[in-house]
Amino acid sequence: MEIRARAPGKIILAGEHAVVHGSTAVAASIDLYSHVSLRFLGGDEGSIKLSLKDMNLEFSWDLRRLEGTLSKTDGQFPHPSSPRAYSSEFIQAVASLVDEQSIPEAKIGLSAGVSAFLWLYIQILGFKPSVVTITSELPLGSGLGSSASFCVSLVAAFLVASGSMTLNSRSSGWAALGEGELELVNKWAFEGEKIIHGKPSGIDNTVSTFGNMIMFRSGELTRIKSSMPIRMLITNTKVGRNTKALVAGVFKRSCRHPDAMASVFSAVDSISKELSSIIQSPVHDDISITEKEGQIEELMEMNQGLLQCMGVSHSSIETVLRTTLRYKLASKLTGAGGGGCVLTLLPALLSNTVVDKVVAELESCGFQCIIAGIGGQGVEIFASDNS
């Protein structure tokens, strides 16, 4: 039996940085996924194996060694239906087991993700021998929610394998989960995100779990759904950024110019709310879709201007903005800024010829271009009998 799961990445459509200062923000799923395949091992295979195909990395843990090390730490497991926070003692033991795998120095940043995998596996499935294979369409560290997608897809596969969630035997292909099952996946995935990031907002895993879009402000998340198809060109500048330093920079600027920055944050709040309203309002024909796309483009341009006021743009981002503007397309950074990714709205009536020209010009600058649908399905699963 092979169990497979996939979970989408995410983008911030509006409100990044300002949300830290009390403004509203809007996030959406994208149809780029992390994929997980889980296959239990029979016979004398006494190990848990993890294969990160895209990285060409493989890990293996002997079950007797795992059980001997971890059983001394934090109580009974597995407990798939009862998500709980990790204990520092347990996660330190997990981290030491991961360190023994000798991850290449150039990829040492993956250690936290591997620790999250092992912790989630033991908590949900216990000490069952298996092979878990992971692939992803999401570039790492680019602000597209790759770690949340990783955690959500893992948890969904593990919960099905544990028997805590069952698949509809009458369905074929990818299947969505019920509301209660999604809530369970989201709670577990948030714990995995904590291991990777320390203090995540919960936004990324919520979007990856439930799909569609969410509006969030001051810790409150409201799920929303688009009434029209939205397609974006996502340009990965491949420029790394320090999210903590960028957030700190905005905070310092707001301290130096409190009144001006308060106005900036208020304007972003209005943009996010208006964007949410436009996205949810009904469409009746192609003309109304075109009108709404025009409104979204204007809001994106305004939001980008305000992000520039916050000081989080970058020369690579400005290159993307100038390039897409030559084709009369609206763009904005998404996420922390300082590099990372840029969104460009692709109107429904835009010709493929124009899209190809834009992509070619951006790629000639060394950027990576991905075309993605916005606001689609969240985590999905299916099982296939390979016997």
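The backbone N, Cα and C atoms fix where each Cβ goes, and this holds for glycine too.
According to TrEMBL, the feature domain 'GHMP kinase N-terminal' maps to 126-211. Feature annotation from TrEMBL assigns domain 'GHMP kinase C-terminal' to 295-347.
Taken as a whole, the domain 'GHMP kinase C-terminal' (295-347) shows an average pLDDT of 97 in this prediction.
The residues of the domain 'GHMP kinase N-terminal' (126-211), classed with DSSP into helix (H, G, I), strand (E, B) and coil, number 44 helix, 10 strand, 32 coil.
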